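In what follows, a structure is listed as structure tokens, so that the remarks can point back to it.
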């Protein structure tokens, strides 16, 4: 018999319909469901695929470096980072007429180019790269790493090199190696790079392999380290009139705690960042020696979990049984990893604009907006994925006997209380926030703006004041000049920090008012509702009062036949599917808020945000409509301009988004009838009837159509907003 796709499932391979193709694609990565899979082979396959993932990442980043070196303007951008536009790569497009060629020839290039809004120029400049040759070297090195990863992946699939199951289940050793090796050693190496290459480069000293061993990063070398006078490394830092990349105003310190920003670059002090990475390295190198392996010293995680019984007996048997539950479930581990990574990605978004680490990136407004939005959306997808795999854990891996009366079992036992509390919080936030917005909207419409309900966010302002913001007049903690906290940090990082917090040209602790209060609660509504749907999906994944035997149907069942009413749309997959819409809309509100607040800040008219953000029409008219004018102008009677590509993408994004509804709102029977009619016509048309299907065409299943609809909705939604964001920001600020 011929081998048909999918090889991993003989049952599917013999399916006579097009279902074979779609179900084959859908389950290609669900190794657990493949024929002849064993637990050991499952772990080995996943392990080997990680090397493939690394190879792709290294190849991609290598491509970034290569194209900028080949077609970019890195060397001229360095001369004037604030006025030269960084080029990502050239555009070769046979459709371009003369107006298009002229519109896209920018940044000192000879032909049409794309402008880089990713921040790579600022990053490479900050870490000490200075020439195109440096970029080519980096690209080649990453290409080498990519090849190495592919070889490693292939190697670990060979019989002699396949790790055993016991190796994968050795949690303590893996933790030690990841904490010490991944985090500890890499942070130490990065500190080394910053101290030996980046900091000298910021002071006009060019360190490469040829002079690496000759140039001392600090005049006294290792002397202060060996004699215990570590404070010497912080003495004589760069002055406030230091010109980045030159010796003018430069100091000699390498590990400092200055606080605040470098006045010229508006970014964190490089010497502060080196100090930070050294501290991180120190912590993780110690943490990586915490767990007991074959040396018989350190903690055994299992012993820790078993020994800890919560006081008062209110949490049952505490953490007993958790070690094996987590260690034997790949989905539990993936869920934990995704939850952590999702939070970290969102934190990256929040911190990259408020505490910018890269030189001059704070003054590149479009890049700031693009990076914030990018990281928030990525975080949203990763976080929803955490709950998806949590639900799969409950269905495939959870063993009630093993977890009797421990914290995990008790979560399931009182899931009704958890879900109903989340539901109450969502309803409260939703009705009150919408009520305020609608009330204010009506007052504006009736011409009585003074009757709006405007609430000052006094608690948030108090927190900002505690961190040193003096605008609001709260005399508290760091904004109080006679408190112990103020006096303790006065000789160290505090002056730099306070200067940064109270200088209104950056994004650190922006002044907030009633508009912020309202949108904050709108976002809280979105977060709580998304969480409600995800948590309910995971906690009800094994069964509910309506369908106690749900776990027997797997993760993504459509219904249990026509005879059981109410079993449609209640699989854990359906909860994930619904939550993604809420996630996208919530991040929509987050990014609208961030972008509008910053546009008005950068343009110097913050009153526009303050006055218009308290009612719905303000958001629709003064943010969305007003800022889409650049897009609508991408093509006009006078020809085209450099925003045309975004105008086209804006339209195309709407098209993709709207296509999603074709899959989401019409059901399977309609498509099945349509397909049968088309097949009939096909078979009776000359020439067309010479081509026959090997598989009988059938409509997508309900679950598959939802997935396709969701994919189009998500992609269209993000494309549309990306075009809007980049065009409206770059159109204003060049």
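In case you wondered, yes, glycine gets a Cβ from its N, Cα and C as well.
As given in Swiss-Prot:
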type	residues	note
TRANSMEM	46-69	transmembrane segment
TRANSMEM	135-158	transmembrane segment
TRANSMEM	175-199	transmembrane segment
TRANSMEM	273-291	transmembrane segment
TRANSMEM	330-353	transmembrane segment
TRANSMEM	369-395	transmembrane segment
TRANSMEM	417-439	transmembrane segment
TRANSMEM	517-535	transmembrane segment
BINDING	559, 568	[4Fe-4S] cluster binding site
TRANSMEM	575-596	transmembrane segment
TRANSMEM	643-665	transmembrane segment
BINDING	654	chlorophyll a B1 binding site
BINDING	662, 670	chlorophyll a B3 binding site
BINDING	671	phylloquinone binding site
TRANSMEM	707-727	transmembrane segment
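Here the features listed in Swiss-Prot are placed on the structure.
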residue : record                        : DSSP (3 states)
559     : [4Fe-4S] cluster binding site : coil
568     : [4Fe-4S] cluster binding site : coil
654     : chlorophyll a B1 binding site : helix
662     : chlorophyll a B3 binding site : helix
670     : chlorophyll a B3 binding site : helix
The residue listed as 'chlorophyll a B1 binding site' to residue 568 ([4Fe-4S] cluster binding site) - Cα separation in whole Å: 30
The residue listed as 'phylloquinone binding site' versus residue 662 (chlorophyll a B3 binding site) - Cα distance in angstrom: 10
Contact between the transmembrane segment (330-353) and the transmembrane segment (273-291) (3 or more Cβ pairs under 8 Å, separation 6+): no
Positions whose Cβ lies under 8 angstroms from the transmembrane segment (46-69), at least six residues beyond its ends: 31, 87-89, 116, 118, 120-121, 124, 132-133, 135-136, 138-140, 142-143, 145-147, 149-150, 152-154, 156-157, 163, 168, 330
Sequence-distant neighbours of residue 670 (chlorophyll a B3 binding site) in its chain (C-beta under 8 A, six or more apart): none
Rounded inter-Cα distance in Å - residue 568 ([4Fe-4S] cluster binding site), the residue listed as 'phylloquinone binding site': 19
Cα-Cα distance linking residue 559 ([4Fe-4S] cluster binding site) and residue 671 (phylloquinone binding site), given in Å to the nearest integer: 19
Close in space, distant in sequence - residue 559 ([4Fe-4S] cluster binding site), Cβ under 8 Å, 6 or more apart: 567, 568, 569
